[in-house]
Amino acid sequence: MADLPKNGESSTSIPNEGSIPLYLVNGVATVWDAQVAATLHCIHNVSGLRAGTLPGVSQQNGFLGLPMTLMREETAYLVQQGIAHLIYLPTFPSIPTPDEISRHTAKRIERVKRLEKEARQAEESKKEISAQLFEKGGEKARLKREARAKAKAEKEAKIRLEQGEEPFLVNNQTVVDENHKDRPQEQEQEQESSSSPLPPTSDPRSSQNSDADTGPSPGYFLPIPSHPPILSSPSSSNQQIITSIPHAAFNFPSTRRDKALVGVFTALQKRGYRMGLGPRFGGEYLVYPGDYLRYHAHFTSQVLVDDEPIKPAELVAWGRLGTGTKKAGLLCCWDERNYLKDEDNDQVGDEVKEDGDGVEFYSLEWANFG
């Protein structure tokens with residue numbers, strides 16, 4: 001196989017150079033890396049289905065849409081062509097027992113209570129520090145006011161002495177008449193307070209409430225990994241590598257019908273088509289002539305195995321269905337006798353296709369309808 005671009009996966013268990021790891025979860029191959037998904041989409045014409053978006057708000061986002069799930073046919077095609085290999089993951093997480101659920105719930109509640117307690121303690125500590133700062137700032141402001149009042153009184157007493165008036169003495173200190181000094185002292189204090197920075201003198205409870213309202217609340221975060229939780233060691237029992245199918249962990253293709261599906265998918269891939277899910281249009285696949293982000297589907301396919309009989313009513317239904325959905329019906333006839341064996345390359349039968357896929361295609365349209 002030709003060298004492929006680096007797929008960005010951190011796994012060290014790659015059988016062949018450039019082989020892409022596909023994580024097998026509950027029998028479904030998944031891709032968890034955006035670069036791997038882009039490589040499959042742009043180089044190998046395999047688009048998959050984004051399973052990470054909400055069902056009601058589906059979107060083909062390269063990052064938010066991960067993980068990407070693959071059809072069985074897409075998985076088999078990639079493995080058989082040597083493009084990718086499977087990494088089997090055991091069912092994770094396992095179904096918990098009632099006792100495990102109760103213990104986990106108790107631990108979760110205990111953790112939440114602990115976090116809430118720590119948050120309350122931090123908030124109380126913050127309030128206490130704020131109250132202490134408020135009291136300290138208020139004491140400083142009071143001392144400054146007393147010092148200004150004393151200096152003002154001494155100044156006015158000196159003026160009275162110069163004018164020949166007798167100053168008032170209280171506790172061996174010179175003071176002036178309160179009525180005489182009231183308004184000038186208040187005006188001067190207002191001017192000095194406006195010019196000199198002072199600590200906040202608002203109610204500490206109101207400031208504490210505002211801090212509690214605007215402060216960040218404790219958050220709870222759940223990290224979401226970009227790949228399944230597996231060990232990086234290739235010899236780990238949790239990391240079983242699958243390079244050939246069918247396998248016990250991925251039993252596909254196992255029947256003649258399964259082989260027909262893979263054969264048809266491979267034949268269409270070789271012809272440059274892309275396949276998508278087709279059950280909603282009444283077929284196996286929706287067949288696109290190129291990137292489905294650029295083109296509408298041209299065919300809705302039906303897979304027939306060997307000499308499987310076709311009822312006339314089915315032909316009518318397929319033709320009308322394809323024309324009604326503005327698509328052509330594509331009958332894909334797979335003949336096992338003309339199918340090349342994977343291991344021995346034995347050719348069974350006389351008629352073998354040049355490409356060796358053993359598939360014949362017939363286009364079906366319903367004339368003068370729709």
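Placed from the backbone N, Cα and C atoms, the Cβ positions cover glycine too.
Annotated domain 'TSEN34 N-terminal' per TrEMBL: 20-87, in sequence order. Helix, strand and coil counts under DSSP for the domain 'TSEN34 N-terminal' (20-87) come to 18 helix, 20 strand, 30 coil.
Annotation source TrEMBL lists region 'Disordered' at 159-238.
Sequence annotations record features per position, and here TrEMBL assigns compositional bias 'Basic and acidic residues' to 177-186.
Taken from TrEMBL, the feature compositional bias 'Polar residues' covers 203-212.
Per TrEMBL, compositional bias 'Low complexity' is recorded for 229-238.
What TrEMBL records for 264-337 is domain 'tRNA intron endonuclease catalytic'.
Around the Cβ of Y288 (active site), the number of neighbouring Cβ atoms within 10 Å comes to 21. DSSP gives Y288 (active site) a strand state. Annotation source TrEMBL lists active site at Y288 (among others).
Annotation source TrEMBL lists active site at H296 (among others). Its own atom aside, the Cβ of H296 (active site) has 10 Cβ atoms within 10 angstroms in the protein chains shown. H296 (active site) falls within neither a helix nor a strand when secondary structure is assigned with DSSP, and so counts as coil.
Feature annotation from TrEMBL assigns active site to K327 (among others). All chains included, 21 other C-beta atoms sit within 10 angstroms of the C-beta of K327 (active site).
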Hey, how far is Y288 (active site) from H296 (active site), Cα to Cα, in Å?
6
Averaged over the domain 'TSEN34 N-terminal' (20-87), what pLDDT does the prediction give?
87
C-alpha spacing of H296 (active site) relative to K327 (active site), in angstrom
9
